[in-house]
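Features of the protein shown, as given by TrEMBL:
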type	residues	note
DOMAIN	17-54	domain 'HTH merR-type'
DOMAIN	128-197	domain 'HTH merR-type'
Amino acid sequence: MVAIKPSNPGVRRPVDLARVHGLSPQAVRNYEQAGLLPPAERGSNGYRRFTEAHALALDAYLALIAGHGYASAGEIMRAINRGEIDTALRAIDHSHALLQRDRQTLDAVEAAVAVLTGAAREPGPERSLPISAVAHRLGVRPATLRKWERARILQPARDPATRYRVYSPDDVRDAELAHLLRRGGHRLDHIAEVLRQVRGAGGAEALAASLHQWRERLTSRGRAMLTGAARLAAYLNSGTTTVVPSDPTAPTVS
């Protein structure tokens, strides 16, 4: 195992690092103890001796939180401070992949909402329909609707007397949306997420009103990832850190 050891002789107190970010000195000590900052040397009095490397690491960690969340930011910084750069980069890649998936989901929702709220859309049924009628309406087989139900895309109720599936007008809307997205090549799990968003917003019209804020949140998250990457690069490239064995008596592995 390796650790990143500060090489800058300038010493800072916990309060000096904490004040910049509005933190408590104890929070800085906790971050170092948790591996989010590189190990601090101790003075003869036993107090931690922080340096420019710790200031840059703290900047990086707090910036990463905004774009990646606490758990991923912690994973990234611990890996960096163990010298496991590839592990940190994989965690960063994973966060970017999640953001890309969220963008694809939003794009699909926007396309679907445009259809569901469009003036040319076929009016929905005024009463519940059996599975055969919904399948006929969409031009699919009943088995397809049952498959979508198993994938948590559709949630039809059951007739209390016959136990047959019955599709409410909202269920038919969901089936139409699923059919649209499926024809567009979207995976079943992706479609299930889109339907979850529609239901959570209270319908297509309510969801349409929130799409702008949703995209703004994704944009802010993407920009925060860029800021976090810049702060992390500054920490790695500053020249104030060197990778050394965590045990000073252990031989260096080349």
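Note that Cβ sites are derived from N, Cα and C of the backbone, with glycine treated the same way.
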Composition by DSSP (helix, strand, coil) of residues within the domain 'HTH merR-type' (128-197): 42 helix, 7 strand, 21 coil
Helix, strand and coil residues within the domain 'HTH merR-type' (17-54) as assigned by DSSP: 17 helix, 5 strand, 16 coil
